[in-house]
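Listed features, source TrEMBL:
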TRANSMEM  116-133  transmembrane segment
DOMAIN    118-438  domain 'EccD-like transmembrane'
TRANSMEM  139-158  transmembrane segment
TRANSMEM  203-231  transmembrane segment
TRANSMEM  243-265  transmembrane segment
TRANSMEM  302-322  transmembrane segment
TRANSMEM  328-343  transmembrane segment
TRANSMEM  355-374  transmembrane segment
TRANSMEM  380-398  transmembrane segment
TRANSMEM  419-439  transmembrane segment
Amino acid sequence: MPGQYSSVTIVGPAATRDMALPSAVPVAELLPPLLDRGLAGTVDVHIASWELATMAGVRLAPGQTLADAQINDGDVLHLHDVTDDVLPDPVEDVRDSVEDHVEATGHRWRAGTGRLYATIIAAIAVLGGVLVPGTPASVLVTGVLVCLSAIVVTWWSASDAPLLARLSLGAGALWAWRVTHLLTENITPDGLAGELLRHTYGVWAAVLLMLVTLAGTPLALPFVIGFATVATVGTPVAVAMQLGAPVGATVAITATILIFGIGLLPRAAMAVGGLLGLDRDIQAGADVREPALSALLSRLDAMLMGAILAFAGLCTLASVVLILHADMWMAFLALGVGAALLTRSRVFDQTRHVAPFRVAGTIVLVACGIGWLLGNTALLPWAPALLVLVALIYVGLASVPRSTVANATAARVIRFAEIILVAALIALCGQITGLYASIGW
């Protein structure tokens with residue numbers, strides 16, 4: 001039977017001590033001296049949130065004494081927060097435990113899941129239909145129906161089914177692009193310049209459709225900005241090619257300008273989105289509430305996301321065009337654009353903003369590597385080994401743990417390398433455009 005004192009071992013979160021505790025004193029009165037001895041650590045503790053429990057997981061009530069709990073000399077007691085589990089819950093029924101585990105770790109296939117799957121399949125079919133050849137009449141009828149359905153779906157179900165609305169917006173924009181490309185066939189000249197001009201008309205048609213859908217849902221805002229950015233960049237390129245500018249030089253200048261423009265995207269979004277003006281209004285004493293600021297930030301992020309996706313896509317397309325020219329200087333410029341996409345992504349810190357540039361840069365570098373291997377037939381059989389080697393090196397460098405000082409040093413090195421990279425891009429652009437040849441270099 002327990003005596004006047006019980007010699008027990010108290011195991012706390014921060015320390016373990018052998019102590020002699022009075023057997024007739026309630027546990028609630030034993031907790032203060034236990035906590036004062038540092039068993040709970042240096043955190044600010046509240047006595048009411050702590051308790052004692054036996055090795056079997058039996059919790060001692062605050063009014064219970066050690067004698068009441070049949071605590072003997074040499075027993076071990078756990079001092080822990082009341083929200084912690086002293087021991088894992090025992091398995092009483094295997095079937096119930098398996099069901100609980102499945103419910104906690106997975107998702108049942110429900111009716112909503114089936115609808116989501118059907119929606120994704122339908123979206124893939126509609127988007128894939130843009131690339132399938134067909135008669136002018138079938139393309140025109142299908143495009144008009146898809147555009148009308150995009151307007152109806154986004155206006156009526158954007159709040160209930162945002163994924164379906166976004167898929168409808170993308171499908172409608174691409175089909176508006178294709179229909180306009182078809183309708184302008186007879187009003188544009190033949191050749192590459194005329195084809196690019198037709199695509200420019202198609203992008204502006206997509207912008208017009210997105211503006212119509214924007215009247216019914218804000219989900220269309222990133223689509224408006226993205227396609228408008230593509231149209232704004234594509235229009236002067238198409239005009240330059242209509243005037244006889246070389247394709248390689250035009251694309252090289254465009255790619256270089258886009259790389260420089262990446263750093264301006266955040267400030268441009270803040271200016272166009274109204275954040276800079278809002279800051280001036282607040283400084284002038286305007287009354288602005290949190291809901292208004294949250295709505296403005298949501299619009300700003302949507303605009304920024306659309307511009308980022310457009311810039312990443314345009315840089316990737318420009319790099320592929322440069323690689324296909326099979327010119328050494330253009331290949332070097334494409335390689336520089338890919339590296340610049342990776343480094344310029346450091347302008348942003350949100351994953352959704354960084355990822356498009358990282359993915360685009362990786363695609364460009366892979367395309368450059370493929371072009372280099374195709375030009376060196378001796379190395380082509382070693383392509384799988386080279387691919388694995390490069391992937392392992394990249395993963396190894398990305399996985400090395402770095403301290404704060406090492407991260408700061410790496411950032412300084414990257415900034416210095418970026419300066420050299422930008423200078424190299426300008427120099428390569430001058431070589432491709434014939435600037436040096438025109439002055440006799």
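Yeah, the Cβs are placed from backbone N, Cα and C, and that goes for glycine too.
The transmembrane segment (302-322) and the transmembrane segment (116-133) are not in contact, since fewer than 3 Cβ pairs between them lie under 8 Å (pairs 6 or more apart in sequence). Most Cβ pairs under 8 Å with the transmembrane segment (328-343) belong to 355-374, among the candidate stretches 203-231, 355-374, 419-439. When the stretches 116-133, 203-231, 243-265, 355-374 are ranked by Cβ pairs under 8 Å to the transmembrane segment (419-439), first place goes to 243-265. Same-chain neighbours of the transmembrane segment (355-374): 262, 308-309, 311-313, 315-316, 319-320, 323, 326, 331, 334-335, 337-342, 344-345, 348, 380, 383, 386, 390, counting only residues six or more beyond its ends whose CB sits under 8 Å from a CB of the stretch.
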